[in-house]
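Noted in Swiss-Prot for the protein shown:
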ACT_SITE  ASP13  active site, proton acceptor
ACT_SITE  HIS41  active site, proton donor
BINDING   12-18, 40-42, ARG305, 331-333, 413-415  GTP binding site
BINDING   ASP13, GLU14, GLY15, LYS16, ASN38, ALA39, GLY40, HIS41, THR130, ARG144, GLN224, THR239, ARG303  IMP binding site
BINDING   ASP13, GLY40  Mg(2+) binding site
BINDING   VAL299, ASN300, THR301, GLY302, ARG303, LYS304, ARG305  substrate binding site
Amino acid sequence: MANVVVVGAQWGDEGKGKIVDWLSEQADIVVRFQGGHNAGHTLVINGQTYKLALLPSGVLRPSKLAVIGNGVVFDPQAFLDEVKKLQGQGVAISPENLRIAENVTLILPLHRELDATRENAAKAGAIGTTQRGIGPAYEDKVGRRAIRLMDLADLDTLPTKIERLLAHHNALRRGLDQPEIDAGQILADLSAMAPHLLPYAESVWRLLDIKRREGKRILFEGAQGALLDVDHGTYPYVTSSNTVAAQAATGTGMGPGAVGYVLGICKAYTTRVGAGPFPTELTNEIGEEIGRRGKEFGVNTGRKRRCGWFDAVLVRQTVRTCGIHGLALTKLDILDGFDSVEVCVGYKLDGKEIDYLPAGEGAQARVEPIYETIEGWKEPTANARSWAELPAQAIKYVRRIEELVGCPVALLSTSPEREDTILVQNPFEA
């Protein structure tokens, strides 16, 4: 399989950035295919920390081509700010090594404002969005009124498209008792940014098709996690896009046959940001300790993550919905030193045992985890780079996870550093 798709197998924040960066050394092209700048990730390379939100991890690798696909919602100002920050850290970013789908949907300030207004008005019913305009931008895309990157190249037709967009948004704003938006200001702002954005514009589906036919290795970089998928996640506490592996095809314009190997990333425990069901959540001192050790705070938002034991039911479900061939297990070192660890092997729902997470919101809130206790390990796993360096009990824990989710571990990460990775099976050679 020449191409690899990386997806989160939990609720996001699984450590995809490090794994993608590690794999990108073997790839020619790294592609983002969904989401926006709401899903940040941190990379530590030679002691230098890089925080990415919108840009593919491939930008940190010289000689690699980074691509933002049509499935992404693209905030022009966030993009320019992120590029400037990374360039200040010595990262070279230009149209030579970064291409953006010309048909990508733009996130505008009005999307961010609407996102925040809705979330604040919802109060106790808030979903927990990042308030960065992701959902409203996807709404406009589906509603066929979005402004796309290619529209900035035609200033004759852009005003008409802005008016069509505002016919919807100004009606919403009147209902929310907010002032209407001036079309002229949006036109002026987009016109000013156009010269800085259009040099990156590309017919991405065509570019990737050419590269694939040339035999180039393509790495598809997913954002967030499969349990936040708008269809297969814990709805309505989900994101506004499809985050499962199949989106790699539609989010780039490539056919399903181009996808190849699917690598699912999951932590050795479970975390979640924001509201929504979390069967194995630990609201005690153990949960606090896991969060402290794992530095479980959002890269972009700084929000504290909820922590819990590994949920094999959920990861097994994700293996099925994403067609995952192998797992990359991260943050095993965070569990070092515990006398024992728990793994969720099933649920009880209204007194009945089940082996999946039901789709209904009420049922998801009522499921109770069934745990299996596994002996812990005292020896450190941190910075291990081979199986021989791992404690025997830690290996047993990994093997039990494989059995429970029905999928082999292909990679094991033992620290944020790129080199602290144990390779079991190379996804590009599987």
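Placement of Cβ uses the backbone N, Cα and C atoms for every residue, glycine included.
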- Out of these recorded positions, HIS41, ARG303, ARG305, which one has the fewest other C-beta atoms within 10 Å of its own C-beta? ARG303
- argmin Cα dist to ARG303 (IMP binding site) over the binding-site residues GLY12, GLY15, LYS18, THR414 returns GLY12
- Compare the Cα of GLY40 (IMP binding site) against each of the binding-site residues GLY15, LEU332, THR414 and report the nearest. GLY15
- Query: Do any residues at least six apart in sequence from GLY12 (GTP binding site), in the same chain, have a Cβ closer than 8 Å to its Cβ, and if so which, in order?
  - Reply: ALA39, ALA223, GLN224, GLY225, LEU228, VAL273
- Write down the Cα-Cα distance for ARG305 (substrate binding site) and LEU332 (GTP binding site), rounded and given in Å. 17
- Task: Using all protein chains in view, find how many other C-beta atoms are within 10 Å of the C-beta of LYS304 (substrate binding site).
- Result: 13
- Out of ASP13, THR130, GLY302, LYS304, ARG305, give those recorded positions positioned within 10 angstroms of the residue listed as 'active site, proton donor', comparing C-alpha atoms, in sequence order. ASP13
- Item | Nearest of the recorded positions (ASP13, ASN38, THR130, LYS304, ARG305) to THR414 (GTP binding site), judged by Cα-Cα distance | ASP13
- Task: Inside 10 Å of the Cβ of ASP13 (active site, proton acceptor), count up the other Cβ atoms and send me the figure.
- Result: 25
- Message: Check the DSSP secondary structure of ASP13 (active site, proton acceptor), expressed as helix, strand or coil.
- Response: coil
- Nearest-integer angstrom distance between the alpha carbons (Cα) of ASN38 (IMP binding site) and LYS304 (substrate binding site): 15
- Message: Please give me the CB contact count at 10 A for GLY40 (IMP binding site), counting all chains in the structure.
- Response: 19
- Message: Going by a 10 angstroms cut-off between Cβ atoms, which of the binding-site residues GLY15, GLY302 has the sparsest surroundings?
- Response: GLY302
- Note on the structure: Expressed in Å to no decimal places, the gap between the Cα atoms of LYS304 (substrate binding site) and the residue listed as 'active site, proton acceptor' is 12
